[in-house]
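The next block holds one structure in the form of structure tokens; read it before the comments.
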Amino acid sequence: MRAKHLSIFFIFVFGALGGLLFGFDTGIISGASPLIESNFNLNIEQTGFVTSSVLIGSSIGALSIGTLSDRFGRKRLLLFASILFLLGSGLSMTAGGFVSMVVARIILGFAVGSASALTPAYLAELADAPHRGSLGTMFQLMITAGILLAYVSNLGFLHHNLLGIRDWRWMLGSALIPAAILFVGSLILPESPRFLVEKGRVDEARDVLHQLRKKTNEDPDKELADIQKVASLPKGGMKELVTFARPAVWVAIGLMLLQQLVGINSVIYFLPQVFIKGFGFPESNAIWISVGIGVVNFVCTILAYQIMDKFNRRTILLFGSVVMAISIGILSVLNFTLSVQAAAVPTMILIAIYIFGFAVSWGPICWLMLGEIFPLNVRGAGNSIGSAANWIGNFIVSQFFLVLLSMFHNNVGGPFAVFTFFAIVSIFFVIYVVPETRGKTLEAIELEMRQKAALKKSSN
Ligand code: BGC
């Protein structure tokens with residue numbers, strides 16, 4: 001099937017499907033790991049490694065895929081990632097012990113990391129400027145849908161060894177379905193028109209642009225001419241990342257590290273444990289706490305989808321930073337001053353407000369901007385760097401959160417005070433470092449960056 005026959009909605013939903021697997025594969029393990037632990041008789045370190053091995057694989061996957069996508073195209077590598085998703089999901093479902101499980105999780109991680117480095121650029125390159133915010137938010141919407149699905153699948157399969165197959169194998173194996181859909185999707189999705197122009201395949205790029213802009217007010221021929229103009233500028237190869245695109249590298253690394261250091265995954269991965277350990281909630285409630293978080297996260301991301309092209313990215317980021325800093329700042333103070341019983345309910349409410357703050361802002365915008373801020377020639381490579389920074393930040397938070405929690409004798413106020421510090425840092429980062437990208441074409445963003453660098457050079 002050619003791109004011509006596909007609806008625009010289909011293209012963006014399927015283009016963003018890597019996000020669903022990203023969310024699913026990172027979210028599923030919280031429910032599955034205690035079951036795997038008892039089935040394989042693992043010690044705590046081994047269980048921890050089953051969880052974190054995906055993050056190691058993701059960092060490697062993210063780092064290695066970008067330059068390949070600048071060479072071979074976004075679509076082909078999405079197809080490659082979908083094959084890895086199928087392989088990793090199949091292997092983790094059938095793993096016979098600790099080593100095979102870790103290998104499977106690293107392969108899955110590699111796929112997740114690849115998808116996170118490929119998808120933002122792919123979506124940004126397909127979208128028209130006026131709708132790029134919402135269309136790029138589709139990736140985060142898919143991530144949050146994946147997390148929610150993972151929690152629901154945990155809930156559905158727990159203690160049900162259907163057909164004699166253990167519950168955790170069903171949980172991990174259910175990722176095969178979205179992986180198969182991504183595989184089929186990436187066979188029929190169009191290649192990015194910007195990548196096609198970069199490779200001199202202008203006729204194909206024109207076809208794709210005409211198809212994508214059919215129902216918009218944008219003029220595909222003018223857009224094509226703009227892309228051609230930028231693609232014909234002198235190229236600096238990878239060196240561009242340390243010359244005129246250096247500011248973009250810092251913005252990407254800063255956004256991505258801060259997105260993790262504000263602590264969102266302490267909530268996404270560990271909150272049930274916090275409530276069990278810190279507030280004495282019964283274990284059986286854990287899964288419901290997860291489902292609650294998943295729903296709030298997903299619903300708030302739908303809101304983000306709706307507002308993304310109506311307000312400046314910087315305004316939304318600032319709003320999110322302030323909401324997060326205030327909510328977890330108060331949470332931290334309350335947990336140091338009130339009794340455990342008195343702090344439990346306000347903590348839950350404050351965490352819901354914190355998730356709202358993240359989900360409407362830093363959640364979607366970091367991935368969205370990653371796809372927007374790099375010049376065409378090194379967009380894949382730049383996305384690799386930003387995405388790897390995200391996975392490394394994620395790894396750090398996931399490794400240290402439980403340690404920090406026990407250092408503070410299971411008082412969540414401790415780790416959340418650290419996250420509050422980073423939420424405050426994020427306010428200054430947005431004010432002083434992050435550029436505005438709303439409403440501008442990718443080509444205008446690149447030209448602006450080149451001009452700024454040229455001005456700086458001439459004034460030195
Ligand atoms: C982050 C993930 C996080 C998710 C939560 C994403 O933007 O990169 O690490 O788990 O948001 O919704």
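Just so you know, glycine gets a Cβ as well, placed from its N, Cα and C.
Because the structure is a prediction, the values reported are computed rather than measured.
Per TrEMBL, domain 'Major facilitator superfamily (MFS) profile' is recorded for 11-438.
For 47-65 (among others), the entry in TrEMBL reads transmembrane segment. Sequence-remote contacts of a segment are chain residues at least 6 beyond its ends whose Cβ falls under 8 Å from one of its Cβ atoms, and for the transmembrane segment (47-65) they are 25-26, 29-30, 33-34, 36-37, 77, 81, 84, 98, 101-102, 105-114, 116-118, 269, 380, 384-385, 387-388, 390-392, 394-395, 398-399.
The transmembrane segment annotation in TrEMBL covers 77-96 (among others).
Counting only same-chain residues 6+ beyond the ends of the transmembrane segment (102-123), those with a CB under 8 A from a CB of the stretch are 12, 15-16, 18-19, 21-22, 25-26, 49-50, 53-66, 69, 74-75, 77-78, 80-82, 84-85, 87-89, 91-92, 95, 135-136, 138-139, 175, 192, 367-368, 370-371, 374, 379-380, 383-384, 386-388, 390-391. The transmembrane segment annotation in TrEMBL covers 102-123 (among others).
The transmembrane segment annotation in TrEMBL covers 135-158 (among others).
Look at TrEMBL and you will find 170-189 (among others) tagged as transmembrane segment. For the transmembrane segment (170-189), the list of distant contacts is 1, 3, 6, 11, 14-15, 17-18, 20-21, 24-25, 28, 31-32, 35, 75, 78-79, 81-83, 85-86, 89-90, 92-93, 108, 146, 150, 153-154, 157, 160, 162: same-chain residues at least six beyond its ends, Cβ to Cβ under 8 Å.
Long-range contacts of the transmembrane segment (248-271) within the same chain, counting only residues at least 6 positions beyond its ends with a Cβ under 8 Å from a Cβ of the stretch, are 26-27, 29-30, 51, 147, 241-242, 289-290, 293, 297, 321, 324, 328, 351, 354-355, 358, 362-363, 365-366, 369-370, 373-375, 382-383, 385-387, 389-390, 392-394, 396-398, 401-402, 415-416, 418-419, 422-423, 425-426, 429, 433-435, 449. Positions annotated as transmembrane segment by TrEMBL: 248-271 (among others).
Residues annotated as transmembrane segment in TrEMBL: 286-305 (among others).
Beyond the ends of the transmembrane segment (317-338), by six or more residues, the same chain brings 262-263, 346-347, 350-351, 353-354, 356-358, 360-362, 365, 411-414, 416-417, 419-420, 423-424, 426-427, 430-431, 434 to within a C-beta distance below 8 angstroms of the stretch. The transmembrane segment feature in TrEMBL is assigned to 317-338 (among others).
Here the transmembrane segment (344-370) has long-range neighbours at 116, 119-121, 124, 132-133, 136-137, 139-141, 143-144, 251-252, 255-256, 258-259, 262, 264, 267, 271, 275, 279, 281, 293, 296-297, 300-301, 303-305, 307-308, 313, 316-317, 319-324, 327-328, 330-331, 334-335, 338, 382-383, 386-387, 390, 412, 426, 434, 437, meaning same-chain residues at least 6 beyond its ends whose C-beta is under 8 angstroms from one of its own. According to TrEMBL, the transmembrane segment annotation covers 344-370 (among others).
TrEMBL lists 391-408 (among others) with the feature transmembrane segment. Residues 51-52, 55-56, 58-59, 62, 113, 116, 256-261, 263, 265-266, 269-270, 273-274, 277-278, 414-415, 418 of the same chain lie 6+ residues outside the transmembrane segment (391-408) yet bring a C-beta within less than 8 angstroms of a C-beta in it.
Positions annotated as transmembrane segment by TrEMBL: 414-434 (among others). Nonlocal intrachain contacts for the transmembrane segment (414-434), taken as residues 6+ away from its ends with a CB within less than 8 angstroms of a stretch CB, comprise 250-251, 254-255, 258, 261-263, 266, 313-314, 317-318, 321-322, 324-325, 328-329, 331-332, 335, 362, 369, 401, 404-405, 407-408.
Packing against the transmembrane segment (286-305) from elsewhere in the chain are residues 27, 30-31, 134, 137-138, 140-141, 144-145, 147-148, 150-152, 154-155, 158, 267-268, 271-273, 275-276, 316, 351-352, 355-356, 359-361, 363-364: each is 6 or more residues past its ends and has a CB under 8 Å from a CB in it.
Sequence-distant contacts of the transmembrane segment (135-158), counting only residues of its own chain at least 6 positions beyond either end whose CB sits under 8 Å from a CB of the stretch, comprise 12-13, 15-28, 30-32, 35, 119-120, 123-124, 126-127, 167-168, 170-171, 174, 178, 268, 287, 290-291, 293-295, 297-298, 301-302, 304-305, 308, 359, 363-364, 367-368, 371-372. Summed and averaged per residue, pLDDT over the domain 'Major facilitator superfamily (MFS) profile' (11-438) gives 91.
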